[in-house]
Each structure stands twice: as C-alpha cells, then as structure tokens.
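The active site, phosphoserine intermediate annotation in TrEMBL covers Ser130. Positions annotated as Mg(2+) binding site by TrEMBL: Asp80, His191, Thr193, Glu351. Among the features that TrEMBL reports, Zn(2+) binding site is placed at Asp80, Asp356, His360, Asp397, His398, His473.
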Amino acid sequence: MLWLSRVIRQPHTDDNMKVTTLLIICSCLILGSLGKPQFPEKEKDPKYWNAGAQQTLRTALTLQTLNTNKAKNLILFLGDGMGIPTVTAARILKGQLNGQSGEETQLEMDKFPFVSLAKTYNTNAQVPDSAGTATAYLCGVKANEGTVGVSAAAVRSQCNTTEGNEVTSILRWAKDAGKSVGIVTTTRVNHATPSASYAHSVDRDWYSDNEMPAEALQAGCKDIARQLFENIPNIDVIMGGGRKYMFPKNTSDVEYPSVAKHSGTRKDERNLVQEWIDRMKDKKGHYVWNKKQLLSLNPNNVDYLLGLFEPGDLTYDLERNTETDPSLTEMVEVAIKILRKNPSGFYLLVEGGRIDHGHHEGKAKQALYEAVEMDRAIGRADLMTSIHDTMTIVTADHSHMFNFGGYTARGNTIFGLAPMLSDVDQKPFTSILYGNGPGYKLVNGVRENVSTIDYEENNYQAQAAVPLSMETHGGEDVAVFAKGPLAHLLHGVHEQNYIPHVMAYAACIGQNREHCMSRSGTADLRPVLSGIVALLTVTRLLC
C-alpha cells in the first residue's frame, strides 16, 4: 500500500508520533493477517451487484408512467446548509448508527425518484446567504443576500427600498387558495428561511424592533416577528424557536426566568404571543412552549397552533432534552395531523435549520446529527401522506466548506481518522475537514496533532485550512429531491427560484392554473396551445 510505505519512510519528531504510526501500521498488519474483508461477503459475488442494478432498472422503468395528478398537499423540507457532501456523510452516519458500515445505507430522501440540481447564487453574491436563497425557493424570485421577501430592487438595510418591491411566497399562494399552511423549523421562527414565507424585510437581522435602527422604524418598516402575525394573520401552524422576540423588553422567559439574555426584546412593549392567543381563543387556537404541552394536544381539536420552544434557536438534537424539547420529527407529525384536516389540502415548510449552524461552528458531528434527524422527519411525513396527492421536495439553500476524504476504508467511522499520515507534517488527520473555519489551530507553531485529542466528541471543531471565527457557506449547486405529482418537472440543472413555480403548478395555485382539470383531480400537462390547435383542426374538417 502506497500510503503505508510513505508512513514507514517518514522521519518522526516526537514520541506521540511514533506511537501513532506504530498503531496505524499494526492495525493494518492485523487486519491483513486475519484476512477478513472490510465489507459483506455477498459483495464479492457479481450476482449481488447485477441483481441490485436490475431491480433498480425495473423500478426506473415504472417511472415512465408519470404521476400527473393534481397535488392536494405540498411539503418542502429545507436542510439549511445541506450540501451534497453533507447528504453523503449523513447517509453514512445514519447507517453506522444502525450498526452498518454506512455507505450502502439509504436516506429517506435517497428514495425519491427524481433528483435535480439548483444553482444557489444570489443576485449580488456568487456564494449566497440563507435569506436571498429563501426568497428564491419560496417566492420564486432571486434576490440580494440578506433580504427576505423582496426583489433584487431592494437594498439591504435600506428601509425606503422595501415598498413596491415586495414579493409573495408559495405559502401565501396556498393560503389564498384555501389550503392550510404551516411552518416548522429548528431555528427561530423569524430566522431567514421561515421569514421569507411571510415577511418583506430588507434586513434578515431585524428579528424584533430591538434589532432595527431608529430611522428604519421611523420610516415605517416592521420587524420580522411582527410581520409573522400581521402579514398573513391566520398561518395555521407555527413551530420553532424565537420566543424572546415576541415579548416586551426585559420580560422574563417562562423556561429560563433568571437568564437575562433570554428575556423579551421588544421595545414597543407588545406581547405578540398574548395577542395571538386572544385572537385565536374562539378558533381552536393553542399556544405551547414545551414537548409535554405539544404532545398532549388532540390534533382533532386544534385548528391553529403556535409552538415556541426556546427563546432563540432550538438546541442541537444531540443536546436536546428529550423530556422537555420536541424533536423535529415530533413537530412534523403534529403539524401534518392538524393541517391534513383541511379537505383542500395543505402546504408545509419544514426546516432543518441547525445543520447550517453546526457547520458554521465547525462542529460536523452536530451538523450531521441534525441532518439525520431531518431525514427521520422526512420518513415520518412519508408514512402520513401519499405520493398520489402529495408533492414532497427535499433540498438545501446552499452548501458549506465541508467535505470528507483521505482514502478511508469501508465502514470507517465518519468522524474518524484517515488511514494515513500527512507526508508533509507527518501528523494524522480526520477524514472530515473544512476549507475554512474555527477549527484552524496551531500548537507551538505547527498543526495540532489530532490523535492527542477527542476528535469524536460532540463539539469537536474539525480542522480547517483557513482560520475564521465562523466557517462560510459553499457556492456549489445543491441537490433537489422530488416525489409525488409532477415531480418529474424537477430534472436537470435549474435556477433555485424554479422550485416554487413547480410546486404551484402541481397544486394549481399561484399564477399557473390554466392547465388544471378540477373535476378529474389530475393536471393536464398539454400546453394551452395544443388545445387551440386541436380546435382549429376540427373546425377545418367541419368546414
């Protein structure tokens, strides 16, 4: 093995390195002497691979019969920062958590029959942010970074560029069409992704009036939390974090009464939660702030739900208190049970928002566990819906400077070491690395020896090539997984703003309605022009 010969030839500068090298060599020699393959025995037989490929082929052939039904329900799962390397690593982690080597595992999103790529750039940014991208995949219009629910004519932080440049979202289109609508996120409900569903803000950071400059308030701009309750006043389900932005400044938090940073932030002294409760008291509306309250609800008796489970973002799933904090899967299940009561169907946005936060902090383990939890929620939604009337899309807003490599062996723990030493500094390295971020660390002027620390700890910050306090987004295309009615329209490579247009077309909402055949429950894919041509042909024959 080439890498092994390199290890043997390298000079060693300290005892730790000698021990590390010896352990690596011995491990390889032991594995070799045992003669045990690092993969299932069945994979040695060509019949195994041929049979699997033939079954996949038969399944693919069934897709020749396209699902042209009208989509009664629409679900968008958005993995914030879930680039393709994150999807692959999450797949391996999911398998390893189930006792498998991981690589052969299927994520729930892997089972979707149609996959395409989305170009994520913002109108003014090659590498995008989550606000401009959210405007694209929710409102159908590309926008500037840092802005939500406004076109590219709006300028970030300039309040006077808001009016006249507002754009509406597919959540609004669905609500206007009589569907129930919901938002479920692991971030604040007024964070970038969910806010593009209902807000029109030239600054994604205007969470409450406390975060807004005085001139913006004087000019009449509204904070995002306020817009959540005023722009589309009857959003059926809202779940996530962000409690502190809803209460008057210095109001103690119900869960953390002695922690000042979790207290209310609003300068206008409005209690948006109480206002919502008062408005919904005769409409089967319920406000909850913990898991027990949420799971004690009977969805049949709930028409409107506001669940705010943390003052800010929800905790990472790895650190979640399973007694008091609901998982993303649990929130999604309750949301669907409430929304599906509407005979006209529903639209649901689900965000696995803390995948992004884990990557920004260089904490790959947190990010990947968040991705696995979102995949679990996708599976739960699948069990509660049907591909015959529900279009489900899974995608990301952008990628990250995250990757993994190093010629690792089959079944290597995704958080483990590469099976070689660097031939430059003679130190080991983890398979997972970041292009930039807080994991850059020098010890005595040289790269840290990761074998001396716990690199599988939950909050370990993977090594990065360039030092930054926060790791950055990546600029490559992201995957779009689709199933259900008209899912085949998501194919090839598209602009990110194409996504809500497809969803609206499938559900006969928004601007694409001419093709709809309301009685049969199917969508007529023939262009309007073909109908005109047919009419002219018949007329010619008759004449």
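The chain as shown is numbered from 1 upward.
Backbone N, Cα and C atoms are what each Cβ position is placed from, and that goes for glycine too.
Checking each of the binding-site residues (Asp80, Thr193, Glu351, His360) against Ser130 (active site, phosphoserine intermediate), the C-alpha distance stays within 10 Å for Asp80, Thr193. Each residue contributes its Cα atom, and for His398 (Zn(2+) binding site) and Asp80 (Mg(2+) binding site) those atoms are 7 Å apart. When Cα-Cα distances from Glu351 (Mg(2+) binding site) are compared across the binding-site residues His360, Asp397, His473, the shortest belongs to Asp397. When the Cα of His360 (Zn(2+) binding site) is compared against those of the binding-site residues Asp80, His191, Thr193, the shortest separation belongs to Asp80.
The two recorded residues, His473 (Zn(2+) binding site) and Thr193 (Mg(2+) binding site), have Cα atoms 15 Å apart. Rounded to a whole number, the C-alpha distance linking Thr193 (Mg(2+) binding site) with Asp397 (Zn(2+) binding site) is 9 angstrom. Close to Asp397 (Zn(2+) binding site) in the fold, though at least 6 residues off in sequence, lie Leu78, Asp80, Gly81, Thr120, Pro128, Ser130, Thr133, Ala134, Tyr137, Thr193, Val478, Gln496, each with a CB less than 8 Å from its CB. Report note: the Zn(2+) site is defined by Asp80, Asp356, His360, Asp397, His398, His473, and the residues of the same chain whose CB lies within 8 Å of the CB centroid of those residues, excluding them, are Gly81, Asp129, Ser130, Ile355, His359, Ala396, Ser399, His400. Cα of His191 (Mg(2+) binding site) to Cα of Asp356 (Zn(2+) binding site): a span of 12 Å. Around the Cβ of Asp356 (Zn(2+) binding site), the same chain contributes Asp80, Gly81, Ser130, Ala367, His400, each under 8 angstroms and 6 or more positions distant in sequence.
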